[in-house]
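Report on one structure; see the data block that follows.
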Amino acid sequence: MLQAKHLKILLLAWTRLGLPSPLRPICDPRVLDRFIKEARDTEFAMRSCSEGCSLAEPLSVPLTSVDFAIWEKGDVSEPQKQAQEVQSGLWLLAQAISAVRVSITSTALHSLLDNSHSNIHSIGQVIRSLNFPEYTPPADGTVHEDTWRVSSTLELFRVHTNFLRGKVRLLLSHAPACRRDST
């Protein structure tokens, strides 16, 4: 069983500064499964958070709904668009988690939030290992993709989990670098 600590060390070793990309794409679905499990654990922890877990204002998060007809179409330009959509969503989630971390006082929850933020960064590294271009957040901080707003930490982490289970999993499973017939 892959542990998150070992997984992060493996990802960091593959994505050392100075190297354009890792030697091989990271296509093992167990990597994402581990991130999903940790996201679910954080979501579960947020269910029991009663004090100090409210949001001062609603936060923007990515939509988790997927149009399978578009995602599975197989158009050559689509994986690039999908990668940008996923990376934009990961950026939004990272921004929201950072905002939540500032307002939560529980040390135990800080650890979960830090881990979630780190996992989002690691997932970005996995996406880059698949030869997708790196996402550059908009200079003005606005995201042009479809978003919605959440008003609780539980909603935020439900979106986080569903985003990983949906769009991120689809992107990784359909990435050209991970197709069995591309080797």
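The backbone N, Cα and C atoms fix where each Cβ goes, and this holds for glycine too.
Per TrEMBL, the feature disulfide bond maps to Cys27-Cys178, Cys49-Cys53. Annotated signal peptide per TrEMBL: 1-20, in sequence order.
Positions of the features from TrEMBL, shown on the structure.
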residue : record         : CB count, 10 Å
Cys27   : disulfide bond : 18
Cys49   : disulfide bond : 18
Cys53   : disulfide bond : 19
Cys178  : disulfide bond : 18
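Residue pair Cys53 (disulfide bond) / Cys27 (disulfide bond) shows a Cα separation of 35 Å.
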